[in-house]
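**Q** TrEMBL feature annotations, pasted as is:
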type: DOMAIN; residues: 17-462; note: domain 'Peptidase S8/S53'
type: ACT_SITE; residues: ASP26; note: active site, charge relay system
type: REGION; residues: 77-115; note: region 'Disordered'
type: COMPBIAS; residues: 80-92; note: compositional bias 'Polar residues'
type: ACT_SITE; residues: HIS102; note: active site, charge relay system
type: COMPBIAS; residues: 104-114; note: compositional bias 'Low complexity'
type: DOMAIN; residues: 261-346; note: domain 'PA'
type: ACT_SITE; residues: SER426; note: active site, charge relay system
type: DOMAIN; residues: 541-643; note: domain 'Subtilisin-like protease fibronectin type-III'
Amino acid sequence: MGLTPAREDAWYQSGFGHGTIIGVLDTGVWPESPSFNDRGMPPVPGKWKGICQQGQDFDSSNCNRKLIGARFFTKGHTVASPSSSPANTIQEYASPRDSHGHGTHTSSTAGGASVPKASVLGNGGGVARGMAPGAHIAVYKVCWTNGCYSSDILAAMDTAIRDGVDVLSLSIGGFPLPLFADSIAIGSFRAVEHGISVVCAAGNSGPLQYSVANEAPWIATIGASTLDREFPAIVQLGNGEFLSGESMFPGNEFPSTTKEFELVYAPAGGKKGSEFCFAGSLPKVKIQGKMVVCDRGVNGRAEKGQVVKQSGGAAMILANTAINMEEDSVDVHVLPATLVGFTESLRLKAYINSTRNPRARIVFGGTVIGKSRAPAVAQFSARGPSFTNPSVLKPDVIAPGVNIIAAWRLPEDSRRVNFTVMSGTSMACPHVSGIAALIRSAHPKWSPAAVKSAMLTTADVTDHSGNPIMDGDKPAGVFAMGAGHVNPQRAIYPGLIYDIKPEDYVTHLCTLGYTRSEIFTITHRNASCSELLKMNKGFSLNYPSISVIFRQGTRRKMMRRKLTNVGRPNSIYSVELKAPEGVKVRVKPTKLHFKQRNQVLSYRLWFISRKRMTREKLSFAEGHLTWINSQNHLTRIRSPISVTWKRK
């Protein structure tokens, strides 16, 4: 479920995304979901040139004023996997229809209609609503059982540009790539040239440094955060101890879930991988009617539950390993089950090894809201700095991505539900795509860079309690949360924005040392870097966040930034600065007086390193710069600052 809009002018003046079109590249759509009901939706925008492509179990009748277009792309997939083409793949549809659920979930998160009394088998009840429930949705199916192929992604992005979308949402991409080898970076540059905002998932390879994907500066790169909603499912051990866990399994439907079962972990006689509950690894005679402990990892979490059930197990405890630590992504399991964190899993296994007859029961607690500290950075959320372009801070922002409830259809589950829970930066991405649609609806003439600037400079850096957003047991840094947690209410009217033209990105690529051929591959522009850099001496990209790199022998850096007034005329802003440790920072001027709306004023920053190079190859520091409206102190335009020292 998207964030519930507050009854304030900004939301209503955006019309909840009225008139905008969100294009979603994913696994397709299940059009019968109530999230795609078009009741109360306005007519299809006149600019729309897309179609509702006919295919297997899908025709034009499946589209309406909410779901205005749907296409599917198979050529790349068919060439790469000829033996498993979409038409021949089990439980796959050669059409825009979604057989995986992922695309249905992301589409409804971005722009799904309001659905009252939504829940997942009684858990998390409420109104399911996309971030921009007034927006139209167009679906481009590019992901199949065997993956998402670059040629299909590029074809879909080019088609979406011609169709007339305003926002492109891609919950796709796993690892950082050079921009000239990154199909999403290449396709998104074309989209941005046409005024389309592109929002992408940062990836789920956290907490490793340099793991953030979709790093192009013209893309909004989104990490994942937690919610203050929990689904407690406590493990009561036979010795009377309790282990904290979470699950969305509906305990009240199964009286046996509170029964005490014998516990078994990596049973004797099991095959290789029995600790992970691989298919075929669990001996039925050893686990029949018992509660099975499965280590998390390798195979899917829900898949482990299916394996346990098929092997005769009565219940399951999914145990985090050191890789996952305390991360708590829940699932809709097919048998009584719960997930426990790494600390609790060590206690659980110690108990199993301490007695000949280990036993336990699971006590399901339903839905609890407001008891946990949130938002916090999700452990799996990919981290910066950017591997290919550390001069731009990535990820850009974080958004809700843990235990997100949205539309769903699961063919292999006999429990017919319209909603399910999923976690990942894939879930965070469409939240921001919906917010981008809200901003575009309120400001239809804004550039993609302006839309992104509005989201970055108004992001929150504190949680609901007013304390710093956390990353595990420490305050979150810029490489974990970027500019902070996106705040849709403030982003619609940011006061000032940092704007960037497409040609500025070309000059930026020149400063990074890309060759003429590589720049042409990315931008389809025949650029002369020597001429561009001569015309733009001292160029720095007008990005909303600031990344400074001191290499060995360099102690001074100067940067320029330009701000455009999108608020009231006669506005005065004063600078507030927190310099990174080891760096002296000067800003000139320290006040900006905007006499007119849309007036552009510039400022310069000087960074002077006071830190001596150490034997470490890399070291980091961070701070922030904020422009505060003198008449209204609530209007604050904040830019995070990252400083990196590199020996080479």
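From the backbone N, Cα and C atoms, a Cβ is placed for every residue, glycine too.
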**Q** Any same-chain residues 6+ apart from SER426 (active site, charge relay system) with CB under 8 Å of its CB? Would you list them in sequence order, or say none?
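**A** Counting only residues 6 or more apart in sequence, the Cβ neighbours of SER426 (active site, charge relay system) under 8 Å are HIS102, THR106, SER171, ALA201, ASN204, GLY401.
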**Q** Mind checking which residues of the chain, 6+ beyond the ends of the compositional bias 'Low complexity' (104-114), have their Cβ under 8 Å from one of its Cβ atoms?
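**A** The answer is 2, 17, 22, 24, 26-30, 33-41, 66, 98, 127-133, 135-137, 139, 167, 169, 171, 404, 406-409, 420, 422, 426-427, 429-431, 433-434, 437.
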**Q** Around ASP26 (active site, charge relay system), which residues of its chain at least 6 apart sit with Cβ under 8 Å of its Cβ?
**A** ASP98, HIS102, GLY103, THR106, SER107, VAL139, TYR140, LYS141, VAL142, CYS143, LEU170, SER171, ILE172
**Q** If you count Cβ atoms within 10 Å of the Cβ of HIS102 (active site, charge relay system), leaving out that atom itself, what do you get?
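**A** Summing over all protein chains shown, HIS102 (active site, charge relay system) has 20 other Cβ atoms within 10 Å.
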**Q** As a quick check of your reading of DSSP, tell me how many residues in the domain 'Subtilisin-like protease fibronectin type-III' (541-643) are helical, how many are strand and how many are coil.
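**A** Tallied per class, the domain 'Subtilisin-like protease fibronectin type-III' (541-643) gives 0 helix, 64 strand, 39 coil.
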